[in-house]
Amino acid sequence: MFIDEVKIYVKGGDGGDGCVSFRRERFIPRGGPNGGDGGNGGDVIIRANKKIDTLLDITSKVKFIAEDGGKGQNRNKNGKNGRDLVINVPKGTLIKDLKSGRIIKDLKENDEAIIIARGGRRGRGNAYFKSPTNQTPRFAEEGRNGRDRWLSLELKLIADVGIIGLPNAGKSTFLSRISSARPKIADYPFTTLQPQLGIVDLENYKRLVFADIPGLIEGAHSGSGLGNTFLKHIERTRVVVHLIDISAADLLETYNLVRNELALFSSKLSKKSEIVAINKSDILDTETSQIIAEELSKKISKPVHLVSAVSGNNVKDLIKAAADLINKESEEDLLRLSLPDDYDAISNKGLTF
């Protein structure tokens with residue numbers, strides 16, 4: 001099951017209380033104070049782990065509380081520090097304060113971590129408070145409470161290329177053609193119910209991660225169809241490949257519908273670099289397919305690729321076009337284009353072109 005948003009309660013461990021104690025030994029009837037300090041409470045840490053693809057494991061537990069510090073003891077023995085509690089989440093997890101909605105941290109890199117709830121400070125024992133004016137302090141300090149808060153964890157897909165389009169545009173077939181990912185493929189709407197990832201290795205490029213985003217329909221930004229649940233996954237992609245079914249009744253209307261949904265959800269999505277491709281070109285003869293592609297290109301004032309995910313026709317050219325576009329993105333553009341995102345994926349090494 002793909003889970004990309006959860007709400008959790010986190011609390012650092014309480015600090016241990018200091019001890020009130022006095023030295024009591026034979027022949028030393030009036031020994032001084034020897035109460036030890038308590039231990040510090042453990043911290044709650046959230047860490048990104050590349051081996052995790054979903055927030056599913058976290059749903060089985062709502063409250064995450066670190067260990068309390070131990071109490072101080074006599075003979076100046078300090079209490080044991082509480083153990084830290086580490087919550088492992090997928091890369092791309094966005095941490096928000098549930099009450100204010102403020103973004104606390106965007107965990108984009110593997111092993112990136114943040115102390116999200118600090119443990120309470122230890123209480124000091126009475127030995128600490130001995131002074132020239134108070135040789136026998138009969139009090140100690142209580143440990144501080146650990147910090148607590150409610151959080152929202154949102155997973156946003158991290159990929160280089162997002163594959164978008166209406167249901168049955170051939171996105172899943174395209175992903176399975178270019179990589180070893182095997183999403184469910186069938187001839188009915190919403191076959192893909194969660195984002196899928198595929199990895200493609202190219203010469204002169206390290207690798208490209210493609211994300212198959214579940215099909216969009218009119219009104220998706222407001223909850224229609226699969227809703228806007230997965231639109232946020234497109235935000236972190238660097239470019240999008242917009243697939244259009246060549247058998248659609250009106251290709252321009254189909255193109256504009258998807259573009260409109262992106263714009264209504266987020267202005268950032270509408271500005272994302274896009275490659276347009278007409279898919280399923282194998283169902284028509286080459287000349288007819290080419291005419292259709294040229295007509296759409298003129299109407300949208302953009303180049304239009306003609307591909308077939310089934311036969312593989314022109315698929316390599318489309319992938320290299322995406323790689324070239326990514327390569328042209330400047331460092332400044334990359335920083336501007338993305339904030340947090342989420343994901344569940346099947347990540348497999350794909351074909352080498």
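Glycine is no exception: its Cβ is also placed from the backbone N, Cα and C atoms.
What TrEMBL annotates here:
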{"type": "DOMAIN", "residues": "1-158", "note": "domain 'Obg'"}
{"type": "DOMAIN", "residues": "159-327", "note": "domain 'OBG-type G'"}
{"type": "BINDING", "residues": "165-172, 190-194, 212-215, 279-282, 308-310", "note": "GTP binding site"}
{"type": "BINDING", "residues": "Ser172, Thr192", "note": "Mg(2+) binding site"}
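Summarising model confidence by region, the domain 'OBG-type G' (159-327) averages a pLDDT of 81. For Pro214 (GTP binding site) paired with Ser172 (Mg(2+) binding site), the C-alpha to C-alpha distance reads 9 Å. Each of the binding-site residues Lys171, Lys280 was scored by other CB atoms within 10 A of its CB, and the lowest score goes to Lys280.
Spacing of Ser172 (Mg(2+) binding site) relative to Ser308 (GTP binding site) is 12 Å (Cα to Cα, whole number).
The Cβ of Ser308 (GTP binding site) has 21 neighbouring Cβ atoms from other residues within 10 Å, across all protein chains displayed. Working note on the binding-site residues Asn168, Ser172: by count of other C-beta atoms within 10 Å of each C-beta, Ser172 ranks first. When secondary structure is read from DSSP and collapsed to three states, Ser172 (Mg(2+) binding site) falls in the helix class.
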